[in-house]
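According to TrEMBL, the active site, nucleophile annotation covers 12. Annotation comment: TrEMBL describes 12, 14, 184 as Mg(2+) binding site. Summarising the annotation, TrEMBL assigns active site, proton donor to 14.
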Ligand SMILES: [Mg+2]
Ligand SMILES: [Zn+2]
């Protein structure tokens with residue numbers, strides 16, 4: 001890739017920056033029966049509400065904040081990803097944005113453990129906070145009682161990452177010479193559709209985003225596919 005003066009790297013979190021899915025992992029480690037229940041209910045209950053409900057049930061059965069934090073700290077996270085983003089950030093011309101449908105506590109707990117607390121300029125995700133009792137209280141980013149997003153690309157009710165990305169760009173009024181989007185999921189398709197010809201998507205193989213790209217097409221940006229974080233590190237070294 002050619003060199004640019006200013007670039008924005010947009011990261012999805014689950015299965016993109018991290019090598020697992022935070023919402024599912026925490027329950028797989030601490031309460032597999034709740035993980036099963038979540039799988040059974042996922043077509044009937046909005047996802048963030050379902051995770052919030054699972055966290056309440058976990059709390060009621062005595063699962064502690066320390067246990068949840070520990071589960072997040074041992075979640076697969078490739079050293080090459082930590083190295084790749086750290087080296088790119090040190091180059092001084094790259095701004096990092098996180099766009100995730102996980103939540104602020106899961107993400108910040110992992111970033112702290114990986115010594116990446118200062119990586120992101122902004123983390124756009126569902127808000128969560130620890131209560132005194134040790135309950136992790138999670139809410140949707142978009143209040144279900146208020147106006148919802150207006151996207152018709154097929155984004156889930158709670159979050160349109162395309163609209164979130166455009167709002168970020170408008171807030172910052174910086175002209176990035178290049179945007180590089182790292183993602184894997186079907187909800188990463190909408191923001192990627194909005195990228196320009198000088199932009200790039202690093203799409204993880206064999207998951208929702210790669211399926212939508214091959215089925216629906218319509219991208220103006222360049223596409224590079226990857227399977228392991230070491231390949232993202234390799235690409236980052238050329239940016
Ligand atoms: Mg993902
Ligand atoms: Zn959308």
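Each Cβ is built from the backbone N, Cα and C atoms, and glycine gets one as well.
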How big is the gap, in Å, between the Cα of the residue listed as 'active site, nucleophile' and that of residue 184 (Mg(2+) binding site), rounded to a whole number? 8
Would you list the other residues of this chain near Mg(2+) - those whose C-beta lies within 8 angstroms of the C-beta centroid of 12, 14, 184 - in sequence order? 13, 15, 16, 17, 18, 21, 100, 183, 185, 188, 204, 207
Does residue 14 (Mg(2+) binding site) have same-chain partners at least 6 apart in sequence with Cβ under 8 Å from its own Cβ, and which are they? 20, 21, 22, 23, 100, 101, 102, 184, 185
What count of other C-beta atoms do you get within 10 angstroms of the C-beta of residue 184 (Mg(2+) binding site), across all chains shown? 23
